[in-house]
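**Student:** What follows is a structure written as structure tokens; I'll ask about it next.
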Amino acid sequence: MKSFKSPGRHGYAVEISPFLASTIACATSQYYGIAGCGTLFVLEQREAEVSLVRSFDWNDGLFDVTWSETNEHVLVTGGGDGSLQIWDTANPQGLLQVLKGHTQEVYSVDWSQTRGENQVVSGSWDHTVKVWDPERCQLVSSLQGHEGVIYSTIWSPHIPACFASASGDGTLRVWDVKAGSCRLAVPAHKAEILSCDWCKYDQNVLVTGAVDCSLRVWDLRNVRHPVAQMMGHSYAIRRVKFCPFYKTVLASCSYDFTVRFWDYSKNQPLLETLEHHSEFVCGLDFNLHIPNQVVDCSWDETVKVFTPSCLAAL
């Protein structure tokens, strides 16, 4: 297991570059995101270590990060001041542009993956979702419907102009950007939902992770009941991610300090539990280039890169 230490910076989100297998971005905040500033770390994993390439400071906490799908040097972060920041890692100054529109913390940012689209979606504590054109630095649309804080916004990897959002109001929503409306609202949990993700192999399947400690898998063609429910975490689930290499495998990280791997097609879905952090685990990502490699980040000021044994065995 490789590790990077970020003293005084608590990890909120981590994402591996879609272009470069060894490049990792991590969004962090001072003082657990309650006060102080934030830092974006750009890291490189080598054979035996994870080292710092660049770091960029922002005047408020940074809560999420997403890489551009069109330029290997560009990143977007979401900040506690309600703005999105566009960064260029090839530029020593770093900051390219600031996108203002939200009135409270931006907790989620995601860059669209579908070909021909070049948009960023953001979710905020102001109960709105906003879609941006990062090239023109313009707001495309602002969507309302959630009745609580929005914690997670993720573009569909299959359907153009479609994204999902998860909220403190207990609903999972699917949106159509072209129509400017919510296509589907699923009362997915009787608790705050902190994260959602799309299956990479089936355009109708999503997973949610919530404060009730459960993960639920949903098929959008029939949302009366979840396809699967997975219990095991002892505190809120902070982030969920579908594996890019196996249709029914996913990962979750939690305020219980653990990262867990699941296969929802099995009777006993829990594959493995890893407890290598000493604080909340907030960020999680699979490496698209290196099968079964995972990166996570925690409030314990570390980023860890590892291959869980359960995936190596598949």
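Glycine is treated like the rest: Cβ placed from N, Cα and C.
Straight from TrEMBL, here's the annotation block:
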- 65-97: repeat 'WD' (REPEAT)
- 99-142: repeat 'WD' (REPEAT)
- 143-185: repeat 'WD' (REPEAT)
- 186-222: repeat 'WD' (REPEAT)
- 230-272: repeat 'WD' (REPEAT)
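For each listed feature, how buried is it and what is near it?
**Tutor:** If you take every residue in the repeat 'WD' (65-97) and average the pLDDT, you get 97.
Within its own chain, the repeat 'WD' (99-142) has Cβ neighbours under 8 Å at 61, 63-70, 74, 76-86, 148-161, 163, 165, 167, 175, 177, 180, counting only residues six or more beyond its boundaries.
Here the repeat 'WD' (186-222) has Cβ contacts under 8 Å with residues 148-149, 151-152, 154-159, 164-174, 228-244, 247, 250, 252, 254, 262, 264 of the same chain, all six or more residues outside its ends.
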**Student:** Go through the chain and flag residues at least 6 beyond the ends of the repeat 'WD' (230-272) whose CB is under 8 A from any CB in it; none is fine as an answer.
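**Tutor:** Sequence-remote neighbours of the repeat 'WD' (230-272) are 13, 192, 194-202, 207-211, 213-217, 278-286, 288, 291-292, 294, 296, 298, 308-311, 314.
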**Student:** Do any residues, 6 or more residues outside the repeat 'WD' (65-97), come within under 8 Å Cβ-to-Cβ of it, and if so which ones?
**Tutor:** 13-15, 17-20, 23, 25-27, 29, 33, 38, 40, 42, 53-54, 56, 58-59, 103-113, 118, 120, 122, 124, 126, 132, 134, 137
